[in-house]
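Taken from TrEMBL as is:
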- 19-80: domain 'Chemokine interleukin-8-like' (DOMAIN)
- 78-107: region 'Disordered' (REGION)
- 1-21: signal peptide (SIGNAL)
Amino acid sequence: ISVLFLTLLLLFLALFPGAFDCCMKISHEIPKGILRRVERFEIQKADGLCHLEAVILHIKGKKFCVNPRNRKVKKMMRKIKHKIHRSESHVRKQRRTRITKQKEQKQ
């Protein structure tokens, strides 16, 4: 039975390599220099396989696990979300303008 369990566990890990990729420890303090270079972030919830609430910061292929209640981290997350929202609305506005101009040229 233990050989069967071990085989199934190895098969699961081979098919889903990121399944156990959880933060085990979090930093409570994070330097501003690191926060400025964050490319994207993920939120890890304390449910399922991961038993710790964390924000995973991605910086040039590296990951940093930080406390989601940290004031600086919250501010950085709002800034990134605002930046993404602004760029998406800018793209929509550009597209709308381009379509309107094309319709005017056809008429």
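From the backbone N, Cα and C atoms, a Cβ is placed for every residue, glycine too.
The shown structure was predicted, so the numbers you read here are calculated from the model rather than taken from an experiment.
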Across the domain 'Chemokine interleukin-8-like' (19-80), what does the mean pLDDT come to, as a whole number?
88
So how many of the residues in the domain 'Chemokine interleukin-8-like' (19-80) end up helix, strand or coil by DSSP?
15 helix, 17 strand, 30 coil
